[in-house]
Amino acid sequence: MAPMQNKVICALVLVSMLALGTLAQSQTETCTVAPRERNNCGFDGITPSQCASRSCCFDDSVRGVPWCFHPNTIDIPPEGTTFLYHGF
């Protein structure tokens, strides 16, 4: 390939990578999980500190559901992203 073609290809690859990087979403975890949607992360009698050492959430306020459970992962849109609400 000619040197000019190599430069054009490199420039296109760089622009594509930057564009894809701005579209990428980051993720975060939250312990806000509906009681019936909790996925068990512990065992009967687990303490809050044992649960935390497993990087899990602890909430013993609801009986009959796991008290130590995996957090939900939620997507955070990139900064500057706007959403259109269609009213559905």
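Yeah, the Cβs are placed from backbone N, Cα and C, and that goes for glycine too.
Some features that TrEMBL has for this protein:
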type     : residues    : note
DISULFID : Cys31-Cys57 : disulfide bond
DISULFID : Cys41-Cys56 : disulfide bond
DISULFID : Cys51-Cys68 : disulfide bond
DOMAIN   : 29-72       : domain 'P-type'
SIGNAL   : 1-24        : signal peptide
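A coil conformation is recorded for Cys56 (disulfide bond) in the three-state DSSP classification, outside any helix or strand.
The number of other Cβ atoms within 10 Å of the Cβ belonging to Cys56 (disulfide bond), over all protein chains shown, comes to 23. When secondary structure is read from DSSP and collapsed to three states, Cys68 (disulfide bond) falls in the strand class. The secondary structure of Cys41 (disulfide bond), as reduced to three states from DSSP, is coil rather than helix or strand.
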